[in-house]
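Q: The NAD(+) binding site annotation in Swiss-Prot covers Gly10, Gly11, Gly12, Gln13, Ile14, Gly15, Asp34, Asn96, Ile119, Ser120, Asn121 and is backed by sequence analysis. Taken from Swiss-Prot, the feature substrate binding site covers Arg83, Arg89, Asn121, Arg152, and the record attributes it to sequence analysis. Taken from Swiss-Prot, the feature active site, proton acceptor applies to His176, supported by sequence analysis.
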Amino acid sequence: MARSKIALIGGGQIGGVLAQLAALRELGDVVLFDIVEGLPQGKTLDIAEAAPVDGFDVSLKGTNTYEDIKGADVVIVTAGLPRKPGMSRDDLIAVNSKIMTTVAEGIKQYAPNAFVIVISNPLDAMVTLCQRITGFPHNRVVGQAGVLDSARFAAFIAWELGVSVKDVTAVTLGGHGDDMVPLVRYTSVCGVPVMELLEQKYGAAKAAEVMAAMVKRTRGAGGEVVALLKTGSAFYSPASSAIAMAESFLKDQKRVLPTCAFLKGEFGVDGLYVGVPVVIGAGGAERVLQLKLNAEEQAMMDKSVKAVKDLVATLK
């Protein structure tokens, strides 16, 4: 049986971690592409030389030509400029749209059957642009945002309650930006609603304040990392999140992962890429799980969807 092939477009911080994680998990042979000569070659050589230590056995190749991604089963796109302190994700749209156009054309030509996961920011616009240019079915072009946003939300909750992150289930909806919707009502610890546990610890009034602070921190979590790094944006957690999506596709795991997916009426949204819970399997984004939202949650979702629509409308 032939091994799967994973193509990574963009050899920066996220791309390097993606290559390492894909190799460590032996998800398939890895091709790392970047326009900078020597960068992807150096990173893949470095990772490959760790194989005898870490015990993985896959092929790793760095390249500066799209032809080398030919026949890839999965393509993960990280290419684009990262944020700097004070920038929003949306500030990147003009320059990263040009980069995504070139990338999508390369994918269309050399990996026409791939499942494409976009990480590049502004995410909701970039995944839309990628699908438009490739012309791939919507179920084969998705964006990584919700897995990361939900993981950040879960981490903050685990730290606050002093429990294992493994026991926290958190859900976020909407766009990957300041208007994302962390769903408190659907968030739990071993099945126990998170607000019950916070109220046991703090009382109702204080619990509400603590949760509001965690929701705010989740929405600004990417910016928090940017402000601390000063020279770039997060790369470990986005890479881990995208690898979870790729693995679910390659192994047909049917995992339910918050994903930037194309909606066709779900959540009252039609014809737009928005973050929602999605079953990811061998068919790509196989189906959307519809959640019943209360009035407050729906209002937040509507606001987030409007922000995504406004952003996508700026695409040339």
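Every residue gets a Cβ built from N, Cα and C, even glycine.
Computed from a predicted structure; not experimentally measured.
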Q: Return the residues near Asp34 (NAD(+) binding site) by Cβ distance under 8 Å, restricted to its own chain and a separation of at least 6 in sequence.
A: Gly10, Gly11, Gly12, Gly15, Pro40, Gly62, Asn64, Ala79
Q: Among all the protein chains here, how many other CB atoms are within 10 A of the CB of Asn121 (NAD(+) binding site)?
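A: 28, counting other Cβ atoms within 10 Å of Asn121 (NAD(+) binding site).
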Q: Given the recorded positions Ile14, Ile119, His176, which lie within 10 A of Arg83 (substrate binding site) by CA-CA distance?
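A: Within 10 Å Cα-Cα: none.
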Q: Among the recorded positions Arg83, His176, point out the residue whose Cβ has the most other Cβ atoms within 10 Å, with all shown protein chains included in the count.
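A: It comes out as His176.
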Q: Going by C-alpha positions, which of the recorded positions (Ile14, Ile119, His176) is nearest Arg152 (substrate binding site)?
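A: Nearest by Cα distance to Arg152 (substrate binding site): His176.
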Q: In sequence order, what residues of the same chain, 6+ apart, have a Cβ less than 8 Å from the Cβ of Ile14 (NAD(+) binding site)?
A: Thr78, Ile119, Phe235, Pro238, Ala239, Ala242
Q: Whole-number answer please: how many Å between the C-alpha atoms of Asn121 (NAD(+) binding site) and His176 (active site, proton acceptor)?
A: 9
Q: Counting other Cβ atoms within 10 Å of each Cβ, which of the binding-site residues Gly10, Gly12, Arg152 scores lowest?
A: Gly12
